[in-house]
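Annotated features in TrEMBL:
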- Cys16, Cys100, Cys198: [4Fe-4S] cluster binding site (BINDING)
- His45, His78, His128, Ser226, Ser227, Asn228, Ser271: dimethylallyl diphosphate binding site (BINDING)
- His45, His78, His128, Thr168, Ser226, Ser227, Asn228, Ser271: (2E)-4-hydroxy-3-methylbut-2-enyl diphosphate binding site (BINDING)
- His45, His78, His128, Ser226, Ser227, Asn228, Ser271: isopentenyl diphosphate binding site (BINDING)
- Glu130: active site, proton donor (ACT_SITE)
Amino acid sequence: MTASKRVLLAKPRGYCAGVDRAVQTVEEALKLYGAPIYVRKEIVHNKHVVSTLQGKGAIFVEENEEVPEGAIVVFSAHGVAPEVHDQAKARALRAIDATCPLVTKVHQEARRFAADDYDILLIGHEGHEEVIGTTGEAPAHIQLVDGPDGADKVTVRDPEKVVWLSQTTLSVDETLETVARLKQRLPLLMSPPSDDICYATSNRQDAVKAMAPDCDIVLVVGSQNSSNSQRLREVAVDAGARAGYLIDYASEIQEEWLTDASTVGVTSGASVPDELVMEVLDFLAQRGYNDVAEITTAQEKLVFSLPQELKRDMKAAAAARAAEVAQTLS
Ligand code: SF4
């Protein structure tokens, strides 16, 4: 007899408040100012989101130098170092900062501890844009600790004046392990005033942990360069799934992954639109996985308002339109 086929669908999954705000920022800027709108780096780490915005007139660049002088540039959700703002000013760019407010919070912590002359141990992945941006706030005070093994290489000036901060999208469990390793060497290491790993990252990992022990395989919809999506795949395997696969699109699912898989878990990273998850469910339904149960571990209601500089221009444009209408009617 063939085992029954079912899907467990994690909730929360997909878009977080910071990604939603960043994507809306580019969309609203395109509507307000018209194309092209320049975006420094991928606005969020998702192939589909980036190509959709390109289709609407966004131009993605690596650095400010590629943006024509005086043009509008949007900074991505991952945040930028202060020098990037300075470069934009020097080129007379009109910058709209779509940095997630929860990344900005980590920047503020870094500035504050650096001003108090602390050594700051930033737990994160080398080369990730968010880490580069946060480090840029206080390069002389910050050392990167890339995972538990990195803890052994740290040197500090005063073991009584040292604090750890972290990238927002790390594995919660691995970060606790890194902190424990650091504390073996630095017992007086201070913790951040509040969690740096954001609510969206930890909620998505909790949902996968709840679901994975009952899954043969877990499909994570997300891009290879998305830190939080990569972590979901690792968490799924650590929590008991036989295998975890990271895919951008349903078309990337390989039939052999489904061999002997009666329960397939599905989730998505914080930068993934839910339509891509629905396409995965359709793909699975066509192969007999019609029974879908949502595993809910948290409800999310957080919403961030758009960047001030954009809201100000949107308000001015609305007022100008209202004045025009009033004049036409008078
Ligand atoms: S994953 Fe977290 S820090 Fe990153 S954009 Fe989303 S809410 Fe902000």
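Backbone N, Cα and C atoms are what each Cβ position is placed from, and that goes for glycine too.
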Where Ser271 (dimethylallyl diphosphate binding site) and Cys100 ([4Fe-4S] cluster binding site) are concerned, what is their Cα separation in Å, rounded?
12
Conformational class of His78 (dimethylallyl diphosphate binding site) under the three-state DSSP mapping:
coil
When you measure from each Cβ to the nearest atom of ligand 1, which of the recorded positions His45, His128, Glu130, Thr168, Ser271 fall under 6 angstroms?
Thr168
Binding-site residues listed as Thr168, Ser227, Asn228, least Cβ neighbours within 10 Å:
Ser227
Looking only at His45, His78, His128, the binding-site residues on record, which one has the least crowded Cβ, with the fewest other Cβ atoms within 10 Å?
His128
Just name the winner among Ser226, Ser271 (the binding-site residues) by count of other CB atoms within 10 A of its CB.
Ser271
Which chain neighbours of the [4Fe-4S] cluster site, leaving out Cys16, Cys100, Cys198, have a Cβ atom within 8 Å of the mean position of the site's Cβ atoms?
Ala17, Gly18, Val19, Ala77, Leu102, Val103, Thr168, Thr169, Tyr199, Ala200, Thr201, Ala270
For the (2E)-4-hydroxy-3-methylbut-2-enyl diphosphate site as recorded (His45, His78, His128, Thr168, Ser226, Ser227, Asn228, Ser271), determine the largest distance between any two Cα atoms, in Å, rounded to the nearest integer.
15
Any further residue of that chain within 8 Å (Cβ to the Cβ centroid of His45, His78, His128, Ser226, Ser227, Asn228, Ser271) of the recorded isopentenyl diphosphate site:
Val44, Glu130, Thr169, Asn225, Ser229, Gly269, Ala270
Through the lens of DSSP with three states only, how would you label the residue listed as 'active site, proton donor'?
helix
Could you round the CA separation between Ser227 (dimethylallyl diphosphate binding site) and Cys100 ([4Fe-4S] cluster binding site) to a whole angstrom and send it over?
15
Pop the Cα-Cα gap between Thr168 ((2E)-4-hydroxy-3-methylbut-2-enyl diphosphate binding site) and Cys16 ([4Fe-4S] cluster binding site) into the table, whole Å please.
12
